[in-house]
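Per TrEMBL, the features are:
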- 32-333: domain 'G-protein coupled receptors family 1 profile' (DOMAIN)
- 390-415: region 'Disordered' (REGION)
- 14-41: transmembrane segment (TRANSMEM)
- 48-73: transmembrane segment (TRANSMEM)
- 93-114: transmembrane segment (TRANSMEM)
- 126-146: transmembrane segment (TRANSMEM)
- 181-203: transmembrane segment (TRANSMEM)
- 284-301: transmembrane segment (TRANSMEM)
- 313-335: transmembrane segment (TRANSMEM)
Amino acid sequence: MIFPFFKGQFSRPLLTFAAVATITIMVTGIVGNLLTIVALLRCPKVRNVAAAFIISLCVADCLFCIIVLPFNAMRFIQGTWNHGETLCTLITFMQYGSVGVSLLCITMISINRYIMIAHYSIYPKVYKTSWIMVMIVSCWLFSYGFQLPTLFGVWGKFGYNHQLGTCSILPDDEGRSSKTAMFIIAFIIPCMIIVICYSRIFCVVHKSDKRMKNHSKSQCNIPNNLRSTVDPASPLSAGSSGSANNNSISYTASSSAVKVAGARSAADTRDAKARRNEWRITKMVLAIFLSFVMCYLPITISKIVDKNVSVPVLHIIGYIMLYLSACINPIIYVIMNKQYRQAYKTVIFCKPSRLLGFTHGGSSVGEKWKDIGYSYNHSRTMVSQVSIAEPESPPSSRLRQDSPHPQHLVAIQDS
């Protein structure tokens, strides 16, 4: 059966533009999402909990580009839908399902970022490999399962909308439609969850930054005479063997402190680098969500304010923006994350992952994140606190351990 576009609404130049844009988005989406999937699977350094959900997101977008967009491009080229009612139903089912999976995966990543930053104590328990698989499978089952009543014509039906010139959800024989419920449950609620998670994330990060600044100010207020009262390299008295012995012990303790502090400083540097990377991923996911919302707003607004298709170009732009959401995520990965760019290079240029500094460790999800958590409860660890066991020495010398600069630790003599 052939379903023509609503007569007089869509001009040929407008349909040609829509067809070219759809084909471009389709090719870009297939290449970009497949490249992302291979890169995340191949490069261990970007293979983490968030990457598991990103792979699921890429699979959904890739299916959208492979299955849905070719038929929509043909619809624009031919000016009609001539693939029959069955394909119209199945394509619409796949379209809504893949869009639902994409938004639910973004929601899951946002919850993951929130738990890791604000409630890290439960993070290793929640994000075990088995639970991650359950979460991903649940996203797919819920997204497609929610549409089964519509697929079987129990709650609305899938079909061709002659007025809009597209396959969509139509009222059934009794006038029922699942569009409103789907919009609330599968779009509004996930968006609200994402907004709440990121509001809490930015609140926690702001408080942590404020505590760090206060700590830095308190360290700067320490009197200078407490930082370097005695020079460990010079004897306290040329004729006093006891003083020289005490100074030698203090110098040995100070040297040990510097070595331990140096090792601790290196560990803190690695942790800080890991935290910065996690924060970059968090901002990247926020950008993905914002782009998703921006891509779906035009088609939503056009269907609300222009139900009679009096401004065809508004609807065409809405369709193009809707399709753009399936290919824009890999572009965001490239722009916002250096590790993802490196991962793409390993695939494009067929380079071994080790050439880019990737390692094959950290296969356990819980152990991988155990050392790089960044949370409200652990935010005080953002500023290193050096603590070492003091060697046995006379009570006349002790080691200062609360200096913000471990390399400047010195022995302090009691008066």
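A Cβ is built for glycine as well, from the same backbone N, Cα and C atoms used for every other residue.
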*the transmembrane segment (313-335): which same-chain residues, six or more beyond its ends, come within Cβ distance under 8 Å?*
10, 14-15, 17-18, 21-22, 25-26, 28-29, 32-33, 35-36, 57-58, 61, 64-65, 69, 72, 98-99, 102, 164-166, 284, 287-288, 291-292, 294-303, 306, 341, 344
_Can you work out which residues elsewhere in the same chain, 6+ from the ends of the transmembrane segment (48-73), have a Cβ less than 8 Å from its Cβ atoms?_
19, 22-23, 25-26, 29-30, 33-34, 36-37, 40-41, 83, 87, 91, 94-95, 98-99, 101-102, 105-106, 108-109, 112-113, 116, 127, 132, 135-136, 139-140, 166, 281, 285, 288, 319, 323, 325-327, 329-330, 365, 368-369
*So which residues does the transmembrane segment (126-146) touch in its own chain, when a touch means Cβ under 8 Å and the partner is 6 or more beyond its ends?*
49, 52-53, 56, 93, 97-98, 100-101, 104-105, 108, 112, 115, 178, 182, 185-186, 365-366, 369
_Annotated stretches the transmembrane segment (93-114) and the transmembrane segment (14-41) touching (3 or more Cβ pairs under 8 Å)_ = no
*Other parts of the chain folded back onto the transmembrane segment (14-41), taken as Cβ under 8 Å at six or more residues beyond its ends*: 5, 47, 51, 54-55, 58-59, 61-62, 64-66, 69-70, 72-73, 76-77, 79, 312-313, 316, 319-320, 323-324, 326-327, 329-331, 333, 340, 343-344, 346-348
